[in-house]
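Enquirer: According to TrEMBL, the protein carries these features:
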- Asp49: active site (ACT_SITE)
- Cys52: active site, nucleophile (ACT_SITE)
- Glu237: site 'Linear diubiquitin binding' (SITE)
- His262: active site (ACT_SITE)
Amino acid sequence: YKLSVSPEMDIMEYCRKEWRGNTPAAKRMRKGYEAVAQKFASIRRIRGDNYCAFRATLFQALSQATQLPKWLQSEDFTMLPENLLSKYDWIKQWQLRQKPGKRMGEISDEIKEYLILLRKKWKNISEIKSPLEKQEACDKLFKNEEEEYCLYEALKFLMLNTAIELYNADKSGRRVPVFSWLLFARDTSSNPCQLMQNHLNHIGHSGGLEQVEMFLLAYALQYTIQVYRLYKFSTDEFITLYPNDPQEEWPMVTLITEDDRHYNIPVRMCQETML
């Protein structure tokens, strides 16, 4: 049993513990943490196991959810696996966590269950009115390893669906966001099938999310993901938004990274920031 999201700790106390030296890197990190501490009082460490971008984003989204997103309400949401499989035979090569080699015929039902679980958890948590109870419900969910990984499997599948939509839109001459070109400009993901085989199937196993896949996650969830990238302190990439031209109606979550590989979360906005 490992804590997925550790209890909150004062940001500057955490920084002093982690970055003691006088190297240029340590100085930059301390400056970065000081800037974050202007807005947030505490930090919660996210367990690092190649799912940390999913874990940090989903935890933040659920802990501030007050309603079910529109895309989660649609009736055909849970039909996604069947609908996609009927059009794209290659999706049978989807790798389920801890079930490599399982045939996609069976996998379709499992992914449907994961999507239903995502909707159920999001709905239940968003209906909790008390902030304290909402936080407790999130903490409880992220202590249940079995459910947690099912939710990440659902997120990965939503990313695949979003990638297919963007790819088809571009092929039919419609406007797509710039990151979509970058996503499919990689040798390893020139189409959605390659993206699945070479990237999505490996997330959580042998790697985490790359930068361009953070955009894809943001689009799949219809959330703006704001990231304090501490090693970029004093550059214009210190605070990066995914996507960088967010839709006004999309809610925003905030993460912290020291290296674009591992993500933690800032919590407790300082009072003056909220005003």
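Even glycines carry a Cβ here, placed using N, Cα and C.
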Enquirer: Count, for each of the recorded positions Asp49, Cys52, Glu237, His262, the other C-beta atoms lying within 10 angstroms of its own C-beta, and report the residue with the smallest count.
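Expert: With the recorded positions Asp49, Cys52, Glu237, His262, fewest surrounding Cβ atoms within 10 Å: Glu237.
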Enquirer: Return only the integer: C-alpha distance in Å from Asp49 (active site) to His262 (active site).
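Expert: So the Cα of His262 (active site) lies 9 Å away from that of Asp49 (active site).
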Enquirer: Looking only at C-alpha atoms, tell me how far Glu237 (site 'Linear diubiquitin binding') is from His262 (active site), rounded to the nearest Å.
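Expert: Cα-Cα, rounded: 17 Å.
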